[in-house]
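Before any comments, here is the structure.
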Amino acid sequence: MEGDRASYSTSNRNWQRGNYRVRGGRRRKRRRKPWGERIADWTRALIAFLFSNVGIVCLVVGYTIAGAFLFTHIEGRNNLDIVGDVIRLRNVTAATLWELTSKENVFSERIWKAKVKAILENYQKKMVMAIKNGYDGGEENKRWSFAGAFLYSLTVITTIGYGNICPKTKWGKVVTIVYAIIGLPLFLLYLSNIGDILAKSFKWTYARCCLCKCRRRPLETMPRGNTHDDADVRRNHWQMVDIDGREVDSFSVDKNISLEKHDTKEENDDDSNSSSYDPQQVTVPLTLCVAIMVGYIWAGAILFSEWEDWNMLDGSYFCFVSLSTIGFGDIVPGDKIYAAQGLDLSFIFCSMYLMLGMALIAMCFNLMQEEVIAKVRAFVRTIKYIFRCDR
């Protein structure tokens, strides 16, 4: 009975406290943060997202799209003005030649040819100036369409710089300088993060699918003695074999030699790694990395050969020059495509190939760097063992 009363009083006090909290919560309003603190929190969250892996990809793509719109607005209008000037120049030259032929009575062939020559020289000089200012012989603004400006923006931040599309106006040159100053570090950050992600993913795939685990078995070539000696021999003399039983590597340790503790620890770590692979500790062979890069260049050469009507040598040359950021500009996409729609598709396809390819090259460089470092460490460790054994 007394226990029931105690439990009742305890529950009553808890109910009263909860009721007081509820009533107190209703009376007191929750304090809201000032607008300054809210904006600061939102800014920190936005910066954290932008510098995440997904955010960096979105930031690079968005920055390139913004550059495409900007350069289309600046250089596209200038290119349209140049096309209009060329059309007017052609019409004026044709009208001048007709007027010279129909209205002027020139019976001397020498005088007529001299006047026509002067008209054509004037037309030639103005055409050369128009070509220097960006005229490509077309009646439409093909080069500075959205796709062309997107490819130009990408070649600026990747330092490829083909040179077939370049700004001609003063504002276009100034904006290019500012755009490159901001875009170059951003694209390097993109290559670093995406290359690291692709390298970890590829190492995981390589460790799970391509590696075959090795096992150890004792050699039975030593003469049999008593049970204690056989156990010592089997414990100190091993041979590395793969799954099929082929010899991989062997080492023997004299049972009278005592190794140092840190050497034993390193060998135990190597044994554990050989039995169960850690994807982060696996190194990818250099030959496989080179094969990936060569395969990507070869695939791009095939696609560009079909799309741009190039031969395989020109396609391979273009892909290598582009992915290595050399960018001579002697072979560029869209040179043999005269339709505006086909030219835009060519620019978009080239942009996608470059963005994916440079991330793939960064991945291969990361894997090759890890492989070289691992080989150097193994070489140094081997040299240490050799000198220790000589002592």
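Residue 1 is the first one shown; counting continues down the chain.
Glycine residues also receive a Cβ, built from the backbone N, Cα and C atoms like all the rest.
Bear in mind that TrEMBL entries carry predicted annotations, made automatically and left uncurated.
Keep in mind that what you see is a predicted model, and the values were worked out from it rather than measured.
Over in TrEMBL, the protein carries these features:
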TRANSMEM  45-71  transmembrane segment
DOMAIN    139-199  domain 'Potassium channel'
TRANSMEM  144-162  transmembrane segment
TRANSMEM  174-192  transmembrane segment
TRANSMEM  282-304  transmembrane segment
DOMAIN    292-371  domain 'Potassium channel'
TRANSMEM  316-333  transmembrane segment
TRANSMEM  345-368  transmembrane segment
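With a threshold of 8 Å between CB atoms, the same-chain residues lying at least 6 positions outside the transmembrane segment (345-368) that come near it are 60, 64, 145, 147-148, 150-151, 154, 158, 160, 190-192, 194-196, 198-199, 202-203, 283-284, 286, 289-290, 292-293, 296, 300, 303, 307-308, 319, 322-323, 325, 333-334, 337. As a quick check, the transmembrane segment (45-71) and the transmembrane segment (174-192) clear the bar of 3 or more Cβ pairs under 8 A, pairs 6 or more apart, so the two touch. The domain 'Potassium channel' (292-371) scores a mean pLDDT of 89 in the predicted structure. The stretches the transmembrane segment (316-333) and the transmembrane segment (174-192) are not in mutual contact, being linked by fewer than three Cβ pairs under 8 Å (pairs 6 or more apart in sequence).
With a threshold of 8 Å between CB atoms, the same-chain residues lying at least 6 positions outside the transmembrane segment (174-192) that come near it are 51, 56-57, 59-60, 63, 67, 70-71, 74, 153, 156-159, 167, 358-359, 362.
For the domain 'Potassium channel' (139-199), the DSSP counts in helix, strand and coil order read 42 helix, 0 strand, 19 coil. Residue counts for the domain 'Potassium channel' (292-371) under DSSP, helix first, then strand, then coil, are 61 helix, 0 strand, 19 coil.
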